[in-house]
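Feature annotations, courtesy of Swiss-Prot:
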type: MOD_RES; residues: 35; note: N2-acetylarginine
type: TRANSMEM; residues: 100-120; note: transmembrane segment
type: BINDING; residues: 104, 153, 182; note: chlorophyll b 2 binding site
type: TRANSMEM; residues: 152-172; note: transmembrane segment
type: BINDING; residues: 165, 262; note: chlorophyll b 5 binding site
type: BINDING; residues: 213, 231; note: chlorophyll a 5 binding site
type: TRANSMEM; residues: 220-240; note: transmembrane segment
C-alpha cells in the first residue's frame, strides 16, 4: 500500500495518470512476483556535440543526409548508414550491443597484444611474449606459466582453461544481463553498480561523454586487432617488432611491399 501511494505521488508531479494494480494482480495465485524495471537514461544536454540532431556527422560519400531513424540518441551515431543496417529497431539494438561488447574485447585484446611484447623488449621475462604464439605454450612439455612465473598459474590442460573460461565468463555475463546478489541490472550494456566501483556514471553528462569515448576507442581497437591479425599472418611477427622493422627500413617494411610480395603458403 505504501509503495502504491509513493508511486501515485511521484507520478503526479510528472502529470501522468497511474493505474494501481488490484490485490489479485499483485498476488496472483498467492505468489508475489518481481519484475526487472528499466529506467530511461536522463537526456544529454543539447550543448553536447555528440548527441541530438546537431551532432557531429559523417555521412560518407553515398549519403546526402542522415536517415530519419538515426536521431543522435545513442553514442557513436554519426548519421552514416548507407546500407540501412539500423533501419529495423530490433536489429539495431542487437547490433549495437554486439558492437559495444566487441569494442570492449578489442580494447582489452589490443592491450594484451602490445604490453607483453613491450615489457619483454624492456627486460621483463614473460616466456613467449608474442600474442599469437603465447597460447601454444600450453602444449609444450613444461606447460604455460602466467607471466612466466610457475608459482602464479601453471596451466597444462587446455580443457581446464576452457572450463574455467566458460564458468567465469558465463557467471559475469549472466550477472550483466539478469542481475545478481550484488544488485539489479538496469541496462545490460551499461550495468553500473558493482561494475562501476569508481562511480564514473554518477554524473549523467560525464557518463554520456564517456560512452562516446568508449565507442570511438573501441572502433579503433577493432581495426587495430584486425591489423594485428593480418600482420601475424603475413610477417609472423608481433606488432611492436613490425613497428621496429618499419621504422628501421620503411621502404621495404610496409603494407604495400608485403602486399605485392606476399604469396600464401610460402
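Start at 1 and count along the chain as shown; that gives each residue its number.
Glycine residues also receive a Cβ, built from the backbone N, Cα and C atoms like all the rest.
Since the structure is predicted, the reported quantities are computational estimates derived from the model, not experimental observations.
Sequence features, as recorded in Swiss-Prot, placed on the structure.
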residue: 104; record: chlorophyll b 2 binding site; Cβ contacts under 8 Å, 6 or more apart: 214, 218
residue: 153; record: chlorophyll b 2 binding site; Cβ contacts under 8 Å, 6 or more apart: 145, 146
residue: 165; record: chlorophyll b 5 binding site; Cβ contacts under 8 Å, 6 or more apart: none
residue: 213; record: chlorophyll a 5 binding site; Cβ contacts under 8 Å, 6 or more apart: none
residue: 231; record: chlorophyll a 5 binding site; Cβ contacts under 8 Å, 6 or more apart: 237, 238, 239, 242
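Residue 153 (chlorophyll b 2 binding site) falls within neither a helix nor a strand when secondary structure is assigned with DSSP, and so counts as coil. According to its DSSP assignment, residue 165 (chlorophyll b 5 binding site) is helical. Long-range contacts of the transmembrane segment (100-120) within the same chain, counting only residues at least 6 positions beyond its ends with a Cβ under 8 Å from a Cβ of the stretch, are 126, 129-131, 134, 189, 214-215, 217-219, 221-222, 224-225, 228, 238-241.
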